Ligand code: DGJ
C-alpha cells in the first residue's frame, strides 16, 4: 500500500460529504486511528471535542480513545471491534500502522498490521456523492501462516461526544409491530440490539440514531448496517462524555475462520449526520436510499392490487379475475397473486419448493389466466418464497440435503416449513433456474420475494468442520447473488422484498429491490405507527402499503376509507381489501383516491419528506416538497386522541410545516385557500377533524 501522509503530519485526514466533514487521525503514536471531528463543514477547525487530557487511570489510553476501529489486545477493557483467537487460544492483537492511501476528501484506507499473526487490517472510508453519508468497512487479510478465528469482526466504530448522556433512537418491535420508534437516554453502561435470525429480523432494525440528551433537538448522528444476515449494534456510554457505537456481523459459528492467505471484507456501515435532528437525519437517509435505487428510482411504482388478504391460500382463477376487474375499474395498474397459486399449497403445510401453477386453481392454464388479467389493463405479478421448502414437497423428497440440518438432530418447523441452504451453489442454481423459468415462461412484471422463517439447526453435514463454514455469510451471498441475477436478467421485473412483513429490510436488500413490505399489519392506526418509525430510516419510494379491510391487531378502533388511502399513499399505494364486498360508494371514493395519488406520487417518491408530529399527538402527518419547492403535498391523519380538538372549543388541529419559504404564498388546490409560508411555518396547516373526517391529502402550490 502506498503511504500517503496528510499534508500536515499532525493534522487529520478529512472526508467531505455534501454538508459534512469526517476527520480521522492517528492516535497512540500511530497504533490506531481515532476520530477528530464529525459535523458540518468547518467543524474540524478547533480543538477536537473528543480530545482528552490523555491521563488515564486503571485503563489504557486506547480504552479511552475515540478509536475508529481497534483490536482486543490494544483495548482490553472498554470494548474492541476485532477479537481474533489464534490456534493456541491467545486472543490479543497489537497493531503497527503500515500505511495509508488518501484520495483527498473522498476516500481513505488506513492499514495496520499485527506482525506475529500476519493479520493486516485495512480501515476503508468512502463518501457517497450527493449525500451526507460516509461508508465505512474493514478489510482483513491473513498474511500469516496459521488460521485465525475472528470472534468479533465489526465493520466500524464511531464516537459521538455528548454532555448529557446519549439520546438513542432505535426502531424495534416484533412481527406485525415492526419499526416502533423508541428512545432512551444512555448515561452509563451498554445498549445492544442484535439478530441471530439470519436476517435483520422483526425485533430491531439495524439502524441507530445518536444525539446529545442535553440537546435532543440538536444534531443527529446515525448508522445503518448493510447486511442481510446476523448483526449487532452496540452503544457504550464512556465515562468521559462520549458514546461509542460499534456495528457488524455476528458469526453464526461463534467465529469466522480466516485461513492463511484468506481475505474478508466486512459489511459496510453507512454513517450519516444532520445538524437538524432526527427530522434532518431521516432526509439524509431518504436521499441515500434514492441514490441506492439508481436509475430504477425513475421507474413509476405502479398502484397494485394484492389478493392475499382477500383470498388467502384459496387462490382460484375466477375469483382472482373478479377482483382484477374491480381493481382495474378503480385505476389500479398491477395485479399480484400472493401465496397459494402453486401445487400443494392449500394451507401453510405444503407446496413450497414445487413452483408450478396449480392446475386446479387455473383450469384453463396459467397463461390463459395471466392473459385475462392483462386484458383488464393490469400488469401481472407473482409471490414466491424461494428459500422456503415444505417437508411434503417433491423438492424435499428429491433433495433433503439442501435444507439446513444437523446430523442426528430434529428439524424444527417454523410456519410448517424448513429453510433451504441458499449458501450452496446448487441451491442458488435451483432458485435462479426456477425464477428464470417463471419470469421467461409467463408474462410477469412484478415479483414479491418473501421469507417466512429464520434458519434453525443451521448446519451443512459433510461440508467440513462445522466451526469453519460461515453459513450466515454464505446465505447472504446467495440471496444477494439471486437478487443481482434478477436485476441483470429480468430488468423489466419490479421486485418487492418481504420477510413475513418487515423482517429483512436493510441497505443490501434495498439496493436490489424496488419496494419492500414493512409489515403484515395493515390496520390503520397500527400501520400509522409502523410507517412513522419506518420513515425515520427509509425513503417513501421504498414503502409498499395497502388499503385493506383489516381491523387493528393492536388497536381495533376503525378508521375511514380516506384514512386508509392517505396512509397507503404516504409510500407506494396498493390495495389489499376484498373489493367484492365494497359498495358502489366505496369504489367511487377509492377511484378518486387512486387518481389523486397518481397525480402526487412523483412528489411523494422524489421529494423531500418531513415527519410532522407523532402518532401520539392529535395530528400527525408527512410533508413532501417537490424538488425546487413549487409543490408541497401533506398527508395528514387524525390519530384519534380524544383531546377535544377540534370539536371543543371548535378549533382545528394544526400541523406546523417546515422548510417553506416564509415570504412565498401557497394555495391549497382543493379549497383555494391561500397561506403565506410564514403562516404555515408559524401556525401550521389547519385540519378540522371530525368523527368522519380523519385524514387529508393536501396539495399546496407555490404562487
Ligand atoms: C407473509 C407476507 O408478509 C404476507 O404479505 C403474505 O405474502 C404471506 N407471507 C403469504 O404467506
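From the backbone N, Cα and C atoms, a Cβ is placed for every residue, glycine too.
Annotation source TrEMBL lists active site, nucleophile at 450. Positions annotated as active site, proton donor by TrEMBL: 520. The substrate binding site annotation in TrEMBL covers 175, 338, 339, 415, 448, 449, 450, 451, 452, 498, 520. Sequence annotations record features per position, and here TrEMBL assigns domain 'Glycosyl hydrolase family 36 N-terminal' to 59-258. The annotation domain 'Glycosyl hydrolase family 36 C-terminal' is assigned in TrEMBL to 651-700.
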Inset, instruction - Summarise the model confidence on the domain 'Glycosyl hydrolase family 36 N-terminal' (59-258) as a single mean pLDDT, whole number. - result: 97
Inset, instruction - Over all pairs in 175, 338, 339, 415, 448, 449, 450, 451, 452, 498, 520, the listed substrate binding residues, work out the largest Cα-Cα distance in Å. - result: 19
Legend entry - For the binding-site residues 448, 452, the one whose C-beta sees the most other C-beta atoms within 10 angstroms: 448
Legend entry - Intrachain C-beta neighbours of residue 175 (substrate binding site), sequence separation six or more, cut-off 8 angstroms: 202, 500, 501, 503, 520
Legend entry - Assigned element (helix, strand, coil) containing residue 452 (substrate binding site), judged by DSSP: coil
Legend entry - Per-state residue totals over the domain 'Glycosyl hydrolase family 36 C-terminal' (651-700) - DSSP helix, strand, coil: 6 helix, 19 strand, 25 coil
Legend entry - Neighbour tally for residue 339 (substrate binding site), based on other Cβ positions within 10 Å of its Cβ: 21
Inset, instruction - Starting from the Cβ of residue 450 (active site, nucleophile), draw a 10 Å sphere and report how many other Cβ atoms land inside it. - result: 21
Legend entry - Rounded to the nearest Å - Cα separation of residue 339 (substrate binding site) and residue 450 (active site, nucleophile): 9
Inset, instruction - Run through the Cβ atoms and count how many others sit within 10 Å of the one on the residue listed as 'active site, proton donor'. - result: 21
